[in-house]
Amino acid sequence: MSTEQARTLLYLALNAFSSIGIVYTNKVIFTRHGFSYGTLLTVIHFFITTLGLFICRMMGVFEPKRIPVLKILPLCVGFCGFVALNNVSLVYNNIGFYQLIKVLTTPMLVVIQTLFYQKTFSAKVKLSLTVTCIGVALSTVSDTSANFSGTVVALSALLITCMYQIWVGTKQTELHCDSFQLLYNQAPISCAMLMPMAYFADDLANKYYTPCWPTIMLITFSGFLAFFVNISIFLVIGKTSPVTYNVLGHFKLCVILSLGFLWFGDQMNARIFLGILITLSGVFWYTHLKMQEGEKEDAKVLGKHEEHHVNGGEGDEKYV
């Protein structure tokens, strides 16, 4: 395994562990501590992420780069739209239809990147993604009844989710910055934009909640995990692709469903179990294919380097 592959694996593992951890932490916050402010919690997460990035900057983890607000604004709007529309989608749609639309994120990414970003996907990769999506749908989607308003909101959420994930990758190239630098510029703006949204979405004017110290500690810990979730999203997409990040998300879903059954007594039947198995088979197949592609790319680069070295040596001999 090369250094680059090891680094990518580390980013994937960091995202998986932090994401799974934050799901269960938030579940405890919402169910056992009665904290029902989902958008406000996202604001807190991004505030702690901003604070964490500032500390990383002070420690010399990365060199800050100032990015003009207008250039980073689409990414910030995309994130806020992603949060808002997914929350509204949950209001207008049942869980089954909401999950079905989330499953469509992966094929939609493939379509958008193929049509507008000149990305190519082999037939085997597309087939592995199809298997993965079928497994996810089988394990999470039950009732898929829908209405016109809910469908419009859900499809809008799907589109903005795809665009946000694509921009996380393309903006790093376009603005010549790394994951830390991009998130360092985006996080505080997104946090500020979400504040008024949280006021209305969570009905803060009419809801009153006095947190106890255990709740405050849990929310702080959730924010700590959110820092690693957010930075690892940028690292994973920047190093791989939005599609790979989505496949990782499907793997995390399998782990969450399994742990929910083992630890929280969540439902597990033959359909869900079969869906998990199909999803995992698709995930591992996709991983195998991407590793093969990576090895071929490494071999090409090595071949070009050796060819350049040989040609350079011949040129030197001519002038001896």
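For all residues, glycine too, the Cβ spot is worked out from N, Cα and C.
Here is what TrEMBL records for this protein:
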type	residues	note
DOMAIN	9-286	domain 'Sugar phosphate transporter'
TRANSMEM	9-29	transmembrane segment
TRANSMEM	35-56	transmembrane segment
TRANSMEM	68-85	transmembrane segment
TRANSMEM	97-117	transmembrane segment
TRANSMEM	124-142	transmembrane segment
TRANSMEM	148-170	transmembrane segment
TRANSMEM	182-201	transmembrane segment
TRANSMEM	213-236	transmembrane segment
TRANSMEM	243-264	transmembrane segment
TRANSMEM	270-287	transmembrane segment
Among the recorded stretches 148-170, 213-236, 270-287, which has the greatest number of Cβ pairs closer than 8 Å to the transmembrane segment (124-142)? 270-287
Look at every Cβ pair spanning the transmembrane segment (97-117) and the transmembrane segment (148-170), keep those 6 or more apart in sequence, and say whether at least 3 of them are under 8 Å. yes
Looking at 9-29, 35-56, 182-201, 243-264, which one has the highest count of Cβ pairs under 8 angstroms to the transmembrane segment (68-85)? 182-201
Given the transmembrane segment (35-56), which of the listed stretches 9-29, 182-201, 243-264 has the most Cβ pairs that are under 8 Å apart from it? 182-201
Would you mind giving the whole-number mean pLDDT across the domain 'Sugar phosphate transporter' (9-286)? 94
